[in-house]
C-alpha cells in the first residue's frame, strides 16, 4: 500500500494535476480581488458573494467550480490508470508474478485512487482557504440558514465539505477501476471514465429521465449545501454515501469478476 | 511446505497443456518435463508458443485445457504458495520509468507479501550488486539503457532466494560482457540447487549453459531431453576433402560406412576421376555410427587406398542443425 502511494505520488503527472487544481481557487480569488466592485448576492458561482466576507469561502467556490469537470477529470485519470497503466507499462505481469495477488492488487489500487480523491479535494479547499485568508482575511461567515459562525467553525465546515466531495468521487473511482480492467490502453480507460462522468451529469439535467436520476452517481455531487446550515443536516451526506457505496459494491464486484479471470498478456 | 518437491519430482510438468486464443492454439497439448536442478533451454522460433507457455506456467494466463504443476504443486491452484519461490523475467523487463532502479525493486519486493519489509533494503541492494547495477541504483529507469533494464529485470527475479527461475530471453540487449555474466549467473544459481528455465532462440547460448533442452515449433513441443540426447538425434559425420572422390567413396564404403551425398559444389565422381592430378577437391561425407572404426583407422584406410586426403574432419551435428531439422525452418542441403 505504501509502495502504491509512493508510485502514485512519485510521478510528476499526479503533482501536475494537483497543481492545476490548486490554480482554480487562486484564479478565483485573484479575479475577485482585482475587480473593482464585489460580486453581488447570487451573482456568479454559488458562494462567490461571500468570498469577501470570509476568505475560507474561496475554497468552497472553487470546489463548486471544479466538481462538474476538473475533479472528475483528475479522478478519471488516476482511476482509469489503475490497472490499464500497469498493463501498458508491463509492470502488471511482474506485480502478479511477485506475487501481489489479484484481489489484493485491486483493493490497493482502489484505496490509492480514493486517497487521491481526498488529496484532490483537500488541495482545492486548503489552497482556496489560504489564498482567501491572505487576500480577504477571515471574518464571521453567514451560513445558508442565516446563522453566523466564527472562523474556527467555518474551517471545520470547509473540511466537512471536502470530505463530502471526496465521498462523492468514490463511485466514479470504482467505475474507473472497472473500466481500467477492460483494456491495456490507459488513455482509453481515462477518457471513458471522464466521459461517463459527463454523461451522468447530462442525464441528470434531463427532466424526461427523472426516474433515472436517483441512480446516477453524480446525483448528489453538488448537494453539500446541507453541511452549511445550522444545525448540520446530514441527510444528503447519508444519501450520497449510500449511493456511492452502492457504486463501489457493484463496480468493485464487476472489476473483481473481470480481473481475477483475465489473461494478462501485456 | 505441503508436498514439497522431492529431487525425483520435476520442477515443471505439464500434461496436454493447451492454450487457445479464439480458434488458434498458441500452445497445443504440450507435455513438458523440467527435471529439478536442471538448466532447461526452452527453444523455438518466434511465435512458437514459448512465451505463452511461460505465461500459463506463471498463472498470468489460464490454460484452455491440460494440467500443470510447478515445484510439485498443482497450478494455478497453489499459485500463492508457489510464486514466492519463483523468480521470473517474462517477455522483457518492465519498470516505472519515473522511479529509480532501487525504488522499482522495492516496489516489486513490497508486492510479495511474504518478503519481510525489515530486510527489504538489504535484499534490493544485494540484487542490484549481483547484476552489477550498484552504481546506477539511484538513477531513474528512464535513463537506463536496454542492457541496464535487462539487468534490473534479472535483479528483480533474484530478490528472494528462489527454487525456480524462469528467464525469458535473459540476454536480450546485453553486450558480450553482460551475456557472459548472465551465463555465469545461471551457472551459479544452478550450482546453488535452483532449477533454471531459460527461453531463448540463441542456440549458441543455450548450448553453452543448458543441461536440458526442449524445442517448440508451432505450438507443439517437438523434442525434449538432455542436451546430448538432443544433439545425438543427429549423428556424427566424417567429412573428407580430396580430389580422389571415387577412391575415397569406395574406401569408406569398404569400412562399412554409409555414404552421404556430397555437399556443396563437389563435382560428380566421374568428373573428379577424369580430371586426375591437381583437379579440384571434392567432399565425401559418411555417417559415423557406433559400429564405425575410430577416425584414425578411417584415415589410414583412405590413405592405403591411395586417396590424397587434403582435409579430414569428424563433425557432430550441432544443436543448430537439430533445431533447424525439428522446426523445419531454413534449408536442408543434405536431404
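Sequential numbering from 1, following the chain as shown.
For all residues, glycine too, the Cβ spot is worked out from N, Cα and C.
If you look up TrEMBL, you'll see A:15-36 (among others) marked as transmembrane segment.
What TrEMBL records for A:56-79 (among others) is transmembrane segment.
According to TrEMBL, the feature transmembrane segment maps to A:110-138 (among others).
Annotation comment: TrEMBL describes A:158-180 (among others) as transmembrane segment.
For A:187-206 (among others), the entry in TrEMBL reads transmembrane segment.
Summarising the annotation, TrEMBL assigns transmembrane segment to A:241-260 (among others). Nonlocal intrachain contacts for the transmembrane segment (A:241-260), taken as residues 6+ away from its ends with a CB within less than 8 angstroms of a stretch CB, comprise 83, 102-103, 106, 110, 167-168, 170-175, 177-178, 180-182, 214-215, 217, 219-220.
The stretches the transmembrane segment (A:158-180) and the transmembrane segment (A:56-79) are in mutual contact, each linked to the other by at least three Cβ pairs under 8 Å (pairs 6 or more apart in sequence). Long-range contacts of the transmembrane segment (A:187-206) within the same chain, counting only residues at least 6 positions beyond its ends with a Cβ under 8 Å from a Cβ of the stretch, are 68-69, 72-73, 75-77, 79-81, 83-84, 172, 175-176, 179-180, 212-213, 216-219, 221.
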